[in-house]
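Okay, structure first, notes after.
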Amino acid sequence: MNLRASCIAAFLCLLVQLCAADFSPEVTHRIVKGIGWDISYFEDSSNVIHVGEKMVEMSYDDGVTWTEIETIGKSSDILVKFDPINVNRAFVFSRIGDTHFVTDDKGKTWRSFKVQPKKSLKDRELGMHHVFNFKDDSVLIKLEYCKQYPEADDCDVSYFYSSNSLKSDPQLLPIDAKVCVVNTLLDEPTILCVKDTRNSFGHVVKSELVSSKDLFKTSESIKHPGFDSGRIIDVRLESSFLVVVTQKDRFNELSSISISVSKDGKTFDTADLAFQMAYGAIRFLPSDPQSLFLTVAASTSKDTRPQGTLYSSDSSGLHFKKLLDNVDLGYSARVEYVHGVWLAKTFEEDPIVEPNDDYFGSPIAKTSSHISIDNGLTWNKLEILNDDSCKLKDGCSLNLLRFDAIEDKNKYVTGPTPNILMGFGITGNTDNFFKAKTYISRDGGLTWTNVFSGPGIHAFGDQGNVIMYVPFSGRNHGPATEVRYSLNQGRSWGTYKLKEPCFPQELITTTDGTNTKFVLSGIVEHQQMSEVLYAFDFSKAFDGNKCKDSDMEKVYARVSPKDGQPNCIYGFKESFMRRKADARCFIDRTFEDVKVDVEQCPCTQQDYECSPYFKLSEKGVCVPDPKKIAEKCKSESKDTLKLPDMQIVAENKCEQKSDSSFVTETEFKCKDFTGENVPSSITIGQSEFDGFLSQYSYVATGPDLSDNLIVKTDTGLIYASNNGGTSFVRVPFKEKIRGFYVGPSLGRVIMITDGDVFYASNNGANTFYKYKVPTSASNGDVTISFHPTDESRFIWLSGNCAVGSSTCVAYHTEDFGRSFEKLIDNAMACDYVSPVLDITSTELIYCTVVDGNKKKLASSTNYFKEAEIEYVLDDIVAYAIKSNFVVVATLDEAHTMLKAKVTADGFVFADVDFPSDFKIEAQTAFTILESSPHSIFMHVTTDSTSGHEKGAILKSNSNGTYYVLSLSDVNRNEVGYVDYDRLGLLEGVLIANTATDSKEGKNKKTQISFNDGSQWNYIAPPAVDSDGKEYACKGQPLSKCSLHLHGFTERPDYRDTFSSGSAVGLLIGMGNVGEYLKPVTDDQTAAFMSADGGLTWKEIKKGVYHWDFGDQGTILLLVDAAKDTDEFIFSKDEGATWETMKFASSPVKVLDLATVPSDTSLKFVIFAGSHQSQSSTQLFAVDFSQFFPRQCQVDLENPESDDFEYWTPMHPESTERCLFGHEAMYLRRAAGHDDCFIGSTPLDQGYKMVRNCTCTRNDYECDYNYFRDNDGTCKLVKGMNAANRMAEMCRKPGVFEYFEPTGYRKIPLSTCVGGKQFDALKPRACPGHEKEFNEAHGRDVGGSKIFILIFIPLLVFFSAVFFVYDRGIRRNGGFQKLGQIRLDDGDDDFNPIEENIVDVVVNKTVRGAIVVAAGTFAVFKTIRKIDRAMFDKVTSLLFGRRPGQRNYVRVPDDEDELFGTFDENYEDELNEAADVDFNVDEEPEEFTELTAEPANVDERLFDIDDQSEDDAVSAEHPEPESTHE
């Protein structure tokens, strides 16, 4: 019986195949000039629109015939958009221009409409476009206007609306919004838009969600705390969920993201899914009314595909659970028409890219495909049925590369036929496209059968009963010459030979897959730039027979592979009727969707979810949510609450008998969730590493993102985190890692191994490339020298590079390690110099080369390809590259003196001149502390005795050549590190420790400078300690009692500093108050803090602590560094108050405390030793991200009304709030505003330089060869004088002048103006160079210069005088006529000739000259008389003459005397009245013998203009005065 049945089945199958082979579809084709842009079906119709080159055409018979749309015309760059609701409507948008087109009858007729963009956008192209139905005839259109290449991603969004189905031109929506959506959750649809308010700097300072029912004639704002604080970046309607995506930090696009969800369209709650928007990707997937599905990107780089995590929510949309990790974000899709079935690709855990897995510069991804039939709760790999070499039990499965049937404008769909899927992929776990084959599934994707040996495109017709397949290419990678089709659901295939072979572009049928007609578009190879359009018609297969009920079979969706039973989702299971595969008929229900039957299921645990007061744990159990319970207690004001742990999923259809089997009520005491028991918003995470901590580093992967953290232990293991230390993965390197280097470019990391390979990452250790080393690291140490700006270039140095050895070699790569070229042999060190010095030669490289027992400095501008190596310096010790300078330490010929040379251009080196009394022995070292465009700070060792190491800090001039002493006896350690710190953000504030010898070793004291090292002072101690007790410093000078801080040489991590790179003015350090700095283990050691840039300090807490700054100083965190501890202290108000929190279950030994280098993160990590194992390290991640309820508001236009205030640093000796010659103001969070975080708020844009101050002594430092004496003045060093200065400077070649120094030079950072100029230099000529000096300063007196400077001005002057005399005096009667002019008679007697404007100007000049001459003469005579009177008074006091007599000056009455009759011997006239003293005393003495005053006083002396003629006459001849001795 079984045999007979098998034979019948085989016969029927063969018969079907023969019949299929005999059938051939009806096919038409046409060739179209140019390559088409798009081809699409209108929904539920046979109408097809085709966008070709410079034309748009329609077919109304499934692609058989075509008609060009004349209304649209010859448009060359257009976009087609279908209305998502109205299936009859579609749009044609033109990228260029403002005329667009619309159809309301599926393309039969078209009409134009115009959209007028803003004037500022008229020159842009149309990018993305979206269409929303609002209500009735209302249409909302979103258009993006984008800049042209290469700025095509810079787009501005505009929304337009029409209330009459675009019968008239749409209008601009009266709201400036980038995001709008139609909210259909309400009874009446409304438009929701995001409205941003920006300041003058372009920053979003406010973001609000506004709603309108009348196209924003009126609107209302929807309130939610998350909206007010952050920035809303997206609003969308997903099934029954209205979702608002908010960026927590308005000023950082990569900041954490929160999701707020509404089910009623009005009220929102914040979901518990918060994540870092580090890679700009959150993708919402097709969702059900019961659950919201989305993926969140975890990493991306230009060399790898984006990957992330798949999440689903509960029925409220507020609580999310993780479904799948490492998901390929481009290949995750829900299977259409079936609830709960998902297909996804995941990346393998191994982040190592092997050399053979790299092609075309990109890695072949290791991925695998998975399927879930229970909404993502469980996942299975895909089984292949007809491949014995790939069995699921052996770990082999199908890896689909693509499984979509139609790409419907950015939406992947699996096909319209339930349970029938098709796609291409490979066996194994790689994504090698060239090895792909095509597979088909008839059970919804659980099992697959190979049907073709290559990849191609496919489409389904008649609910899967017709399948067309077109390979991407034919033989030898040429065009496809045939298409394949199946009429029995893929069991057998027919072939049709194409009349015109082509490379297929699109294969389409009706959108619901119910038609038996298809349209294929492809590129024709032999026709230049042409497209072929094929129309296939299978309707006559099976003689047009329509299926009967007997031809159909019932098929269940989601059949479990374990027991063969259908799986229930949301309380129901689904089935549908499908044609039997061997039936010879068509369903022929065109435009009719597949009917799905629903059957109710009994309720199970899967139909329940956690109640609102519980949350899902990592183990999948509902546990109490303290935050929600606290809110419930507060709202109901009860002592106890009974709350259920679970509830049935909303809209679940399961058959429910009782909740008791699944729901448990728990009683809670509200006192446990209120008051001090309120749960903390600070989260603590814990990780453990094998081995002891040996190296760690943060790696920046974006401009404002440094959350990637790499940890290495002494076992050679590497652990990596991309979320700030919250979680780690061990990177599975096969080799032991010796160490790693982090490059200056974003994401660049190199791992050095003991073997013949190394690993390189370009995305912050998310993935690594494995490469061969140029020389094995086993030969010696390896050094990597990165290019400062080119991320693909670095230099590899390896080998035994000791002096006398020749095994060290330098190699260069330009492709980040894929290949190397040899640079130079015997190189100990190499560096790229050009980017540092910013010179035109972009390839300048320096190398320290070993040559026998000497080291030389080699340079090259073409990677040492010269015939001979150029050595710029022969005998060097080392070189240091700092910004704008390269400093080289050299030895003299006798090796008795260490010298330094400096270059600013990379080619010319200048000698470094130390102060004349500063001698350096050959074995003495110097350390380049730092450099800037203004100067170099250098520490020169003066005592290298073990245990007594110290030296002097020298500071250079602007070109790095001349140095002055800044501070003596500065402490250093045995390896050359110096107790020196420059405080971040503050200009020129330095801290250093000096040392003096003692029996115990060193006595160290801390000094601070507020003027860039010109002046140093001890730090004034606080008045009281942290317990309120007074320090015993009263009455003592600072030299005997001051604050001392442990410096750079005593830090366990040299990256720790007193100050922060972002918290301006905040300083923290460990130390003590007293005469000297005590050992760190001393009981007096405590933590001290300054909030004003080091002016004043206070003690925080006794003990020794690690410290760090978070969020630009809004969080200060300290943890005990000496004793085991399980808690840390933190401050949220800049150190005003401190709180304590536990981070560990038991005390641990803290090794270090760290956060991102910029101190802008709210995440910290605490490294600690493990008590359980002496060979492991613990890490505790402390996260304050949810600690602050809001972001601080900043209003740079009105700073007094926001959360910030201005703070001004100042010099302690200044009363003008000045530092470096100017008053500067920095923005800091205001006191009392400690409920907000700063984030990436651009505080630097609020920086103000209020004014430049007048220059004072604080703006100057001692000049070269001068030192600061105890009295604060600058004096010449011993043995130097001005002659030394002349001889020293003039002996240099090419020098013709020297300067007489004042001993002072202006500090380069100072911008002061005016005031006292301490540095006013006077140039002097070097002996024998007077001529060059005079020429340089314009002092040579050649004949030509004399002529130009003297004779030409005189010639011009006399010419002008003669012209005025000729036109203004001689022509008007000469000087005799002018002598008649009276100052008090106006111009009645003077009527000059005025024939033109020149005469007017000349005559006015003459008048003015007369008045000026008269007044000047009178003043001159008065001054002479006063001077004579003063002389007489002095002589009278000395020789007995008596004061009291008044002297008067006679002023001539008539101006004619000024010019004609005045006595020329005016000295005699003055002497006539010189015998009387002019009394100028304020309080004259009393005398007993007085003389009578003269009867006739000439009062015109004091009021010339008011005198009458009578007065003048009476005063003309006064009587002689008598004098009594």
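The backbone N, Cα and C atoms fix where each Cβ goes, glycine too.
It should be emphasised that the depicted structure is a prediction, and the values quoted were computed from it without experimental measurement.
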Candidates Asn1252, Asn1403; Swiss-Prot annotation N-linked glycosylation site sits on Asn1252
Spacing of the two Cα atoms, Asn959 (N-linked glycosylation site) and Asn1252 (N-linked glycosylation site), in whole angstrom, works out to 25
For the repeat 'BNR 1' (58-67), the DSSP residue counts stand at 0 helix, 3 strand, 7 coil
Counting every protein chain shown, other Cβ atoms within 10 Å of the Cβ of Asn959 (N-linked glycosylation site) number 14
Going by C-beta under 8 A and a gap of 6 or more residues, the same-chain neighbours of Asn1252 (N-linked glycosylation site) are Gly1221, His1222, Thr1311, Cys1312, Val1313
The mean pLDDT across the topological domain 'Cytoplasmic' (1367-1399) is 63
